[in-house]
Each structure stands twice: as structure tokens, then as C-alpha cells.
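Pulled from Swiss-Prot, these are the features on record:
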type: MOD_RES; residues: Lys90; note: N6-succinyllysine
type: BINDING; residues: Thr139, Gly178; note: FAD binding site
type: MOD_RES; residues: Lys216; note: N6-acetyllysine
type: MOD_RES; residues: Lys241; note: N6-succinyllysine
type: MOD_RES; residues: Lys255; note: N6-acetyllysine
type: MOD_RES; residues: Lys349; note: N6-succinyllysine
type: ACT_SITE; residues: Glu421; note: active site, proton acceptor
type: MOD_RES; residues: Lys437; note: N6-succinyllysine
type: MOD_RES; residues: Lys446; note: N6-acetyllysine
type: MOD_RES; residues: Lys504; note: N6-acetyllysine
type: MOD_RES; residues: Lys512; note: N6-succinyllysine
type: MOD_RES; residues: Lys512; note: N6-acetyllysine
type: MOD_RES; residues: Lys643; note: N6-succinyllysine
type: MOD_RES; residues: Ser649; note: phosphoserine
Amino acid sequence: MNPDLRRERDSASFNPELLTHILDGSPEKTRRRREIENMILNDPDFQHEDLNFLTRSQRYEVAVRKSAIMVKKMREFGIADPDEIMWFKKLHLVNFVEPVGLNYSMFIPTLLNQGTTAQKEKWLLSSKGLQIIGTYAQTEMGHGTHLRGLETTATYDPETQEFILNSPTVTSIKWWPGGLGKTSNHAIVLAQLITKGKCYGLHAFIVPIREIGTHKPLPGITVGDIGPKFGYDEIDNGYLKMDNHRIPRENMLMKYAQVKPDGTYVKPLSNKLTYGTMVFVRSFLVGEAARALSKACTIAIRYSAVRHQSEIKPGEPEPQILDFQTQQYKLFPLLATAYAFQFVGAYMKETYHRINEGIGQGDLSELPELHALTAGLKAFTSWTANTGIEACRMACGGHGYSHCSGLPNIYVNFTPSCTFEGENTVMMLQTARFLMKSYDQVHSGKLVCGMVSYLNDLPSQRIQPQQVAVWPTMVDINSPESLTEAYKLRAARLVEIAAKNLQKEVIHRKSKEVAWNLTSVDLVRASEAHCHYVVVKLFSEKLLKIQDKAIQAVLRSLCLLYSLYGISQNAGDFLQGSIMTEPQITQVNQRVKELLTLIRSDAVALVDAFDFQDVTLGSVLGRYDGNVYENLFEWAKNSPLNKAEVHESYKHLKSLQSKL
């Protein structure tokens, strides 16, 4: 054990194990998660060479092999609980992504949410066992987040009771679905449903694309890999072109909308019911943002405790770089953010399951807010985590640029989440639509509930945005509850400003659509403020549920740091709204620095509580034992370029040197 890390752990003010239990949900869940981790880490079938030193084709082959092993092992170990399946899947490929991932994260959830009982009986068991390997083909070359623009068609033929699928243009070719290129044999395809000469919009169809047994593409199917990407080397993101490809009528997912044998269309009870899969995945992505940022913080903070550099006082030993205030200022707000997102991710998961149960009983009342909240928080957390991971990499100096740090892999595998499952700016604008509807409800004298209930407090007589400067508040910068109130006022103010500016543009432009576009910057800012408020609120409320006094104290410091750092970065919003005064902002900036000092002695223990095993981090710099330099040298020796003393390419240089 590196002596610096031992000293850091010995000086912690709390027991990291107890905090791990809180993050997992209970001591029993921690025990079971570790049990599953050890099943994998101690199983020779799951061992493989360092993927960093393999070609893309080799990495893909390793990933497919391990995915097949994963399914067999889950059967062998009797793992069926959804949480346990998730833990197992995360660990079997460690820091990398899997070609069959969309089978479990999109294909099966969509089948569960939108399939009839008969459809689930037909496909569910086979897809869980990978006899059917599914993907989710929504995005096209020409359209992504704008779903109504998708061009793929599914035209019903009543004579044969089949749908005929076509990709009528080059831009209609399905593009990007993970596992589509070489792995999947089925896809849930989103296509424009046409029956009796009328288009009824997007619907989901289960489409066989490869022959089971030979894995060759079926007639009418052109399918392949889209080529190298920024990351995701282990996944065969693919393209799919369909030419008069026929599927049975029963392959349309018909839990809600239906097409009768004669071609009659039966519309769903509510169009919102088809949001199910998107809402599920977006709520899941909030937790993924927390996990990715937590990993990056673990690596950067441990390394900063091991790394000694420069001088604070001339002539004294080189200090740990974690002792520099600038390093603390880079990393500790991100650590606080990681904890905030952990708690928000758990809240979103619980909320999704609760509301989904209500939907199953016909209660759709909370679905609009859930849709808005998952869209906004997906964007807010992924943008923040994405920036934070890169900040952690740069905080590790030159070594952070090496793949041995693990940080480049974390970054390239996380950054797609800013654009997949809804491009983030568009997600923020979806949240803004809900905020504007809620504002209009309040303005018309109705009350709103849920996370937007703060809009009920808006005085109805206030018309001009500049008149917002009448908030009756005195913010206590040492009170999480008071800071939550400040964020609430900021959100209300920015929602109202966006609403008033939108109203002005509607009056001036006569077109709601043009007005919306010309107000979209204000609308995104309103959504960001709303999401920021939600995160602060949930973090603050979590403190009240913590029993252990030492853990509550350190989490309170993190909550204050998260909230105050956010104010310091958005001081203009709090000043313009007269939510806070200039002297208070000065106090905020000073308090942030005090909190850095307070958190310093617990920083390593706080990342230890995330409980990432070394193999999960995949980082030489973030090793639990802190023995960075010895292992850095050993890692470099394994580079394929070092297999021969003289590389074969020397022949190109030799002729130039023969003249010397």
C-alpha cells in the first residue's frame, strides 16, 4: 500500500463501508453486489488481455465471446433479478461496452412495455437467452432526435396480412444502432405505419434481419457496420436498408395501437404510452452519468494523493498535488456532483418504477412530468458528467492522456450519451415545453404539482421580467434548505423570463413555431435551472435520511459545496433576480474555498466509498494500493510495439542512415 494513501484512509472522519451501504441501498445489496463481482473476477472464463493493445476486430471478437459467456454464467449462477443482471453485465466487460447491450437495454424493455402477452411469450425468453439477439433501430442517417421526420415505412398488405418494410431514400437507412452491424439477428424497427392509404405515424415492429443458424442477411435486407468511431470499438454500430422486406402482421408491437387483419387501425388510449422505453432508458442514463463521473473522480483523486510535485514552500518536500487549492477546486466540486447524481439516479429509478406501476393500472397523470424530468435530467447530468470526466483527465496531467489512466476510455464510452437517446439540447427543449405548459396553467389560475409546484408561488400580477427583483428572501449559505430555496427562486425566475419572452415573440411573429425557435436559448436556460434545482433539492432531502452522524456531516459538506459552487458559476442569475446580494456572492466564493479545506481529509475515503474494484476502474493511476509508477512501467512494457527490440518498420529508415 502506498504510504500516502494509507495515511489518507487513516485520517478519514467516517467509515466508507457505511457510505457504500447507503449508495447501494442497503448492506445486503452491497454484500450481494460484491458476491456477483467476485463470481466474475475470480472466473478464468472472464479473463482477457488488455483491450487497449488489441485491434478493433480483436476487441469486437473478445466482446462477443464474453457476452456469450455472460449469458451462460447468468443461467449457471441463477441471476434473474434486474439489478443483479445489471451488475453482472457491467462487470463482465469491465470498462468497455458490449455488442449485445441493446438487446437488454432497449429490445427487451420495448417488448415488455409495448408487446402483447402473446408477443412476449413468443420472443421474450429467446431474447433473454440470445437465441434472438435484438437491437433497436430508430435513428436514421438523415434523422435522429426528430422522430416525426423518420422516413422508413411499414405498409400493410391485407391480402397476405403482412407489413412491407422499405427504406425509400438514402437518408432513411437506419444508422447507428448498436449491435446491428454484425451481431443482431432481429431489430425493433421504428417505421411510419401506412394502412388503407393513410399514414398513422411511428410504430414499432419486430423485424428478423438475419437467418438464425447461418446468420446471413435475409432477402431484402442490406446490413453492415458503419466503421470506426470516436470510441465504442467493441460495438458494431450498424446500418440497415430494407427493400420490400415482409413481416407478419403479428410482428407489430400491439399492446396499445393495433392493425386488424383487414387493415383497420385501432389507435392507442394515449400516444404517451409509447414513451415507455425512452423514459426507461433516460432515467437509467442519469445513474450512468453518476457512475462514469464517480469513476473519473476516483482515479483523479487517488492519483492526486499519490503524485508529488513542485513546492508550496521553498526547500520543503514536494507536496501531494491534492494539497494544492487549485487541484481541490478542479476535483472536489466534481466529487460533490458525483454524489449528487448518485442520489438523483436512485430517485429517478424509484420514480420510474412507481409511475410505471400506475401506468399499468391506467393512471397516466404523472407521465408528462416523468417524461419532462427524464429528458431534462438526462441532458443535465450527461453534459455535466461529460465535462467533468475530461476535467479529471486533465487534472492528472500528462499521464491522464495515456490509456493506462482509464480516463480516455471512460470519456469516449460516456460521451455518446450526450447525443444518443435524444440530443441534449432537444431534450432540454422538451422539458421546456412542459415548463411552459405548467406556467400557462398557473397563469390561468390552476395549481400544478410535483417538481414544478414552485411555479404556484409566482405572483400573478407580475408582468415584466425586470420586475422579478422582488423575491422576499434572505439566503443562509450554510443551510442546504435555504440554498434549495434560492435555486427554486432562480428556476421560477428563468421559467417566467422564458415564458414572457415567448409570449412577446408570439405577438410579434404571429407564429408559435418561429417564436419558439427565437426564444429557444431562454427556454434551454430555464430547463437547466429547473434541473439544477431538482438536483440540489434531492441532495438536500437525502441528508435528512442519513442516520450516521459522521456520514451526514461529510455529505452535508458535499451538498453545500455542490450548491455553492453552482451559485458561484451562475452568479449573474442570482444577482439579477435579487435572490442574493453582491456581498453574499463574495461570501459564497469564500465559503467554497473553506469547504475545499474541510473535504480535503475525507477525499480519498469518499471515492473509496464508491467501491470500484481495480479491474472495474481499468486504471493504473487510480489503483486502490496507489502503486502507480511501478505498474505504469509494467503496463508500457506490454505495448505490442515492444515485442521486438527492433521494429520491422526500421527498414524504411535504414536506407537513410546507410549514407552516414
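Using the three backbone atoms N, Cα and C, a Cβ is placed for every residue, glycine included.
Overlay of Swiss-Prot annotations on the structure.
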residue: Lys90; record: N6-succinyllysine; contacts (Cβ under 8 Å, 6+ apart): Thr616
residue: Gly178; record: FAD binding site; contacts (Cβ under 8 Å, 6+ apart): Val97, Pro99, Gly101, Leu102, Thr135, Tyr232, Ile235, Asp236, Asn237, Gly238
residue: Lys255; record: N6-acetyllysine; contacts (Cβ under 8 Å, 6+ apart): Asn113, Gln114, Gly115, Thr116, Gln119
residue: Lys349; record: N6-succinyllysine; contacts (Cβ under 8 Å, 6+ apart): Ser283, Phe284, Gly287
residue: Glu421; record: active site, proton acceptor; contacts (Cβ under 8 Å, 6+ apart): Met278, Val281, Arg282, Leu285, Lys378
residue: Lys437; record: N6-succinyllysine; contacts (Cβ under 8 Å, 6+ apart): Pro368
residue: Lys446; record: N6-acetyllysine; contacts (Cβ under 8 Å, 6+ apart): none
residue: Lys504; record: N6-acetyllysine; contacts (Cβ under 8 Å, 6+ apart): none
residue: Lys512; record: N6-succinyllysine; contacts (Cβ under 8 Å, 6+ apart): Val506
residue: Ser649; record: phosphoserine; contacts (Cβ under 8 Å, 6+ apart): none
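The two recorded residues, Lys241 (N6-succinyllysine) and Lys643 (N6-succinyllysine), show a Cα separation of 43 Å. In the three-state DSSP classification, Lys216 (N6-acetyllysine) falls within coil. Residue density at Lys241 (N6-succinyllysine): 19 other Cβ atoms are found within 10 A of its Cβ, drawing on all protein chains shown. In the three-state DSSP scheme, Lys241 (N6-succinyllysine) is classed as strand.
Note: the Cα of Lys216 (N6-acetyllysine) and the Cα of Thr139 (FAD binding site) are spaced 23 Å from each other. Distance from the CA of Thr139 (FAD binding site) to the CA of Lys643 (N6-succinyllysine) is 43 Å.
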